[in-house]
Structure formats: structure tokens, C-alpha cells
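**Student:** Input: one structure, supplied below.
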Amino acid sequence: MSEGFGAGGQQQDDLLLQQSQQSQSQGSGEYQWSSYAMMDSSRVSTCLISMLLIVYGSFRSLNMEQEQREKEKKRQSESTNNLLTGEPISPEQNKFATLDTMHALCLPLGASVSLLIMFFFFDSMQMLFAVCTAIIATVALAFLLLPMCQYIIRPCSDGNRISFGVCGRFTAAELFSFSLAVSIVCIWVLTGHWLLMDAMGMGLCVAFIAFVRLPSLKVSTLLLTGLLIYDVFWVFFSSYIFNTNVMVKVATRPADNPVGIVARKLNLGGIVREPPKLNLPGKLVFPSLHNSGHFSMLGLGDIVMPGLLLCFVLRYDAYKKSQCTQTAETGVPPPRGVGSRLTYFHCSLLGYFLGLLTATVSSEVFKAAQPALLYLVPFTLLPLLTMAYLKGDLRRMWSEPFIIQQASKQLEV
């Protein structure tokens, strides 16, 4: 799920990664930790982009939930109007996938199995990995580009859906965003450029944060704690068992280009130029503008998993605000903590930034890839738990945070 936080050159494994870092540090006059190194463009880009993805994905998820709620209200009103006519009303399909306790416990185990499969069978399955990644990234990238395409298409489109038979009905903006996504993925396959790979990774992050839900703080704590153990084990302790850092090995191993594989099978090697190998979009890579060959790498899981927690607390902040508005109309005083400027989302986002900063300092001090969740989980989860306890929301957020509680009627004497 996460590839850790590291810096180095574009190498094939962690040994070469560390050697490149050492040679760069010697060539630049013992490149040691300093404020200048901390403000390197690759590190600043990693921090800003990851936070923007979490914020955008969380608000996108909240807007989708509000739109679904409005559609549900409209559907209920239509169903009451059609009681006399007897016309059936098709139920609204739920777009979101909600994780439960079993999912939270099994996800780190499933991620470990997937990591081992990619470690042992990557050479024989890299074609399958590349094709599946390209398909999934195309759909996620189309979702990321959809709001921009809607803004562009709006002046010249009436918003009607176009039927494609069994494939479904789509708007012009959806077709435009899908065409752009297919073009970007095709160019990435032909060039292997890191910027296009990052764009695909950004789409995966936003889509996962927007469509996957954490129902409670209990599930969030179990999930993040299990993934923290998973991240620490595969980054720090896997080398004692497999004689190499499995996480870094899988994260930095390029795959053979499917175009090149097909060309070799069709004996077109002399006609088609050999395409570059592909770094699969399981991470965000930002090269430095100052140090040639130096880059910062952050796994998508280090963005998505804390992002799910921040999406959960953003939904809870919006829920508490709506409950406060409803109770204010009935004359009931608002619950404790409602109305304060520092929300749970602000607290968690600040903790995520501090966790990223700590991971950056650690990677610079130890000159090695760091499991980012080791720093992100405590910095996001512990302040949130403390704040919820102080505001009196911890018990409710832990079990059933979105269950509407009826206000008790007060008898007037």
C-alpha cells in the first residue's frame, strides 16, 4: 500500500539507491542535512501535492455525498407522488465502498501478500501488472479530470447523456475526460515520463479517497495501526528475511513496456524503436531542480490511507454543523465544541503536515528510505483522538458517529 518516503537517484534497487545518495553527497562536498536540503524542490513538491490531493479528494467525496443525499430526497418525493399511479421508482445506487472492521484487519495482510507476489513473480507477471495498472489509472484519471472537463464543456453542451448501448449513458464531459485520460496513459506507455506517471498516481489517490469510506474512528484506528505495522516491517525488517528491502525493491523496479513485448513477439524489433521501461504508478516521484538525479518518492498508500481518515473527519465536521443548524432552529443549545474555528479536519491536516515534515527530516538524517506511515499515523491519529476526547465526541466518533440522535424534550414547569 505504501512505498515509504525516500530520496535518491533513478536506480533499480535500494542498494544502488543508497550508493547514488552517497556519491551525490560526496560530490557536493559532504551533502549533509541542512535547511537548504529541507527546502529542496522535490521535497516541497511532495509535501504540497500530497496535501492538496487529500484536501481535494476529501471535499470531492463530501460533495458527492451531498449530491447523493439530494437525489435521495428527490427520489423519495417522487415515490410519494407516484403512489397513486403505481409507477416503480428505481433505487439510487450507492457509489461508495465502506470498510468495516474485518476489512481493516485483513487489508494489511492482503497488502503483504500482494507485495510478495510482486516481489517474487514480477518478471513473469509484469505484462499483467502494466496492463491492469494502465486500465485502472485511466478510469481514475478520468475521474480526476472530470470537473475541469465539465467546466470546459458547459458553454457548448446541454448536459444530456449519450447512449452507448450496453456500455451505459455518458455526458459529453465524461467522454471528454475519458478521452484525455486515454491519451495521457498512451503517451505514458510510449514515453514513460515521470510527470505522466505522477498524474496517473494523483488520479488513483483522489478516486480512492472519494469512493472509499471509513465508517467510524474505531475502523480508522485499526486500519492505520495495521498499515503502520505493515509499513515498518517491510521497510525495516524485510531485508533480514529476504536479504533486500522488499518495499523499496518493488517500488523502484521498472516493468517492461507492453509495446516492446508485443513488438518482439511480432518480430518488429527492427521497425519499432525500443520503448522505455515503465515505472508503475504506485508512487509519486518528484525530481529535484537543483541536484541532478535526486528525487523524492512517496507511496500512494502514504497519501490515501491518512486521506481516508481526513475524509472521515471532514464528513463528521459537516455532519456536526448540520446537526447544530437543525437543533438551533428548535431552540436546543448546540453541543459542546460546535462552532470552534479549529475543526477535526484542520487538526488532522496539520498533523499530516507535521508527520510529512518529520519523515523528511528522518530520510535526510539517516540517508535511507523511511516508512512514512511510521510518522504520519501518530501525527494524524493521536491529536485527533485527544481533540475528540476534550470535545466530548470520542465515544460517538468511535462507534456510530453519523447516527442521528433525537434531542430529548424538556418539560416546562
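Keep in mind that glycine also has a Cβ here, set from the backbone N, Cα and C atoms.
Those TrEMBL annotations? Automatic predictions, nothing curated.
Sharing the feature lines straight out of TrEMBL:
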{"type": "TRANSMEM", "residues": "41-59", "note": "transmembrane segment"}
{"type": "TRANSMEM", "residues": "104-122", "note": "transmembrane segment"}
{"type": "TRANSMEM", "residues": "128-149", "note": "transmembrane segment"}
{"type": "TRANSMEM", "residues": "170-190", "note": "transmembrane segment"}
{"type": "TRANSMEM", "residues": "196-214", "note": "transmembrane segment"}
{"type": "TRANSMEM", "residues": "221-242", "note": "transmembrane segment"}
{"type": "TRANSMEM", "residues": "295-314", "note": "transmembrane segment"}
{"type": "TRANSMEM", "residues": "342-360", "note": "transmembrane segment"}
{"type": "TRANSMEM", "residues": "372-390", "note": "transmembrane segment"}
**Student:** Going along the chain, which residues at least six beyond the ends of the transmembrane segment (295-314) come within the CB cut-off of under 8 Å?
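**Tutor:** For the transmembrane segment (295-314), the far contacts come to 1-10, 40, 42-43, 45-46, 50, 53-55, 57-59, 61-62, 111, 201, 204-205, 208-210, 212-214, 217, 220, 223-224, 227, 231, 251-252, 281-288, 343-345, 347-349, 352, 355, 360, 369, 372-373, 376-377, 380-381, 384.
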**Student:** Hey, which of 104-122, 128-149, 221-242, 342-360 has the most Cβ-Cβ pairs under 8 Å against the transmembrane segment (196-214)?
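**Tutor:** Per the Cβ under 8 Å count, 128-149.
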**Student:** Cβ under 8 Å to the transmembrane segment (221-242), counting only same-chain residues 6 or more beyond its ends: which ones?
**Tutor:** 1-2, 4, 99, 101, 103-105, 107-108, 111-112, 115, 119, 214, 248, 301, 305-306, 308-309, 369-374, 377, 380-381, 385
**Student:** Counting only CB pairs under 8 A, let me know which of 128-149, 170-190, 342-360, 372-390 has the most with the transmembrane segment (41-59).
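**Tutor:** It is 342-360 that shares the most Cβ pairs under 8 Å with the transmembrane segment (41-59).
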